[in-house]
Amino acid sequence: MSRFVDRVTIHVTAGNGGHGCSSVHREKFKPLGGPDGGNGGNGGSVRLVVDPQVHTLLDFHFRPHAKGTNGKPGMGDNRDGATGEDLILKVPDGTVVLDADGKILADLVGAGTTFDAAQGGRGGLGNASLASRARRAPGFALLGEEGQSRDLVLELKSVADVGLVGFPSAGKSSLVSVLSAAKPKIADYPFTTLVPNLGVVQAAGDIFTIADVPGLIPGASMGRGLGLEFLRHLERCAVLAHVVDCATLEPGRDPVSDIDALEAELAAYRPALAADHGLGDLADRPRVVILNKIDVPDAAELADLVEPELVQRGWPVYRISAVSRTGLRELTFALAKMVADYRAAQPKAQPRRQVIRPVAVDDSGFTVVPDPAVEGGFIVHGARPERWIAQTQFENDEAVGYLADRLNRLGVEDELKRLGAQPGAPVTIGAMTFDWEPTTPMGEDVPLTGRGTDVRLDRSERIGAAERKQARRARRSRFEDGDVHE
Ligand SMILES: Nc1nc2c(ncn2[C@@H]2O[C@H](COP(=O)(O)OP(=O)(O)OP(=O)(O)O)[C@@H](O)[C@H]2O)c(=O)[nH]1
Ligand SMILES: [Mg+2]
């Protein structure tokens, strides 16, 4: 029996998007055939998928880092880069996903249930996709976005069929060790068991699992002892079995009062996931009472004494000894039958194809706030402007011009103006701070340019047709004047 790992922190990183390509189509006699740079491929995401074949989180314990494949960059000739492959992490049924702060993000129940752990970065557009009427041959492409990266905590509640409930040293671990191949630690001091052990029990054709959990003491539902830790593991058990120590010499304890004390704890426990999949309250779970240690003479007598009262409560009672291995056969078959009955009574679990995604946030807006660290500076917040910054090749003037246009269209410029930003003010968006140069000198309209460089970045030095004509005329007149001989 492998170690039963039930809580692990994993670091998931999705693949980065591939960069877009900036390329110009070339062909014989057609040297400038228009932009043909392809788009970068999207990065691969990381997904958690419930697989009924997986029973522990052990793998994650050894390999806590998971990364999706990067998207490939776009290429010339309109070839798009390949999409990165998604990384599928198989998790056991009943895995609870929490963020690093302990907030529950998802409870994965049912084969095939999927959780998007990290979203792959979008591929950047190539210059072919960026071409428009106003910008016929863009000399730049967009960069691929980085893949999402985050830490997640995976928690597995033992999804055992039978959960053992009992005071410390009642013999729970001993029982699991004789019923299954599991070898939990057994000792005569309380709280020997600190993490639950799962055992697989075979009863003729039936197989069921049994969870040996830490001992329970009064006050556990308030967190005493290993309290809540213990109760958490019982939430998904189909059958609860009280393991009672009939040989205890502690004053004030006897089988009936032990059971009553533990029942009170079960009743007081508010399952964190009570409503989630119709398991109902712990109180509704079928019970069985196991009177242990009857190899001790006094214990057998005590068992005789209390058995009628327990039977009267409607609970099946079994007398066993884990040490001398008596009464185990009947107990095993009885538990197998209770589990089978319970399973049959449950609505059939449909294989679910549910996909759980982080709630989509509205990313259309943006806000501009004064920068507390810099006098006269501003910070622009917003998913889109921040994404655009990440997509921009800042060494390329055209790309910067395109970014400026996008920000302008979104209204960032207007908002900066409204807040009284002065030209040259340091403006921070995402990881980038730059001096704000209004793209439109206040109040003036800039005509759209044709292809190539944006006029606003670089005033054109090219000579217009009118100027050429004038120059020709000037040359001709000089020639007629004979100046040409000089
Ligand atoms: N005589 C006798 N002793 C037993 C029997 N079953 C368990 N014990 C003893 O009781 C002590 C406690 O047994 P464990 O199996 O560790 O008890 P536990 O309920 O798992 O205890 P915690 O893990 O501390 O909650 C050990 O010394 C066992 O040898 C039994 O049937 N007869
Ligand atoms: Mg134990």
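Glycine is treated like the rest: Cβ placed from N, Cα and C.
The domain 'Obg' annotation in TrEMBL covers 2-159.
As annotated by TrEMBL, region 'Disordered' applies to 63-83 (among others). Cβ atoms under 8 Å from those of the region 'Disordered' (63-83) belong to residues 8-21, 23, 25, 36-46, 89, 117-118, 120-121, 123-124, 126, 128, 141, 144, 147 of the same chain, restricted to positions at least 6 beyond its ends.
Annotation comment: TrEMBL describes 160-340 as domain 'OBG-type G'.
Around Thr193 (Mg(2+) binding site), a 10 Å sphere centred on its CB holds 23 further CB atoms from the protein chains shown. The GTP binding site annotation in TrEMBL covers 166-173, 191-195, 212-215, 292-295, 321-323.
According to TrEMBL, the Mg(2+) binding site annotation covers Ser173, Thr193. Ser173 (Mg(2+) binding site) falls within a helical segment according to DSSP. All protein chains included, Ser173 (Mg(2+) binding site) registers 26 other Cβ atoms within 10 Å of its own Cβ.
Residues annotated as domain 'OCT' in TrEMBL: 358-438.
The region 'Disordered' annotation in TrEMBL covers 458-486 (among others).
Feature annotation from TrEMBL assigns compositional bias 'Basic and acidic residues' to 458-469 (among others).
Residues annotated as compositional bias 'Basic and acidic residues' in TrEMBL: 477-486 (among others).
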Check: Just going by other Cβ atoms within 10 Å, which of the binding-site residues Ser169, Thr192, Ser321 has the emptiest spot?
Finding: Thr192
Next item on the list: List the Cα distance (Å, whole number) between Ser169 (GTP binding site) and Thr193 (Mg(2+) binding site).
Entry: 9
Next item on the list: Other Cβ atoms within 10 Å is the metric here; tell me which of the binding-site residues Lys172, Lys293 scores highest.
Entry: Lys172
Check: Per DSSP, what is the residue tally for the region 'Disordered' (63-83) in helix, strand and coil?
Finding: 0 helix, 5 strand, 16 coil
Margin query: On the 0 to 100 pLDDT scale, where does the domain 'Obg' (2-159) sit on average?
Written below: 88
Next item on the list: Enumerate same-chain residues with a sequence separation of six or more from Gly166 (GTP binding site) and a Cβ-Cβ distance below 8 A; give 'none' if the list is empty.
Entry: Lys172, Gly215, Leu216, His242, Val243, Val244, Asp245, Asp258, Leu262
Item checked: 10 Å Cα neighbourhood of Ser173 (Mg(2+) binding site): matching binding-site residues from Thr192, Val195, Pro214, Lys293, Ser321 -> Thr192, Pro214
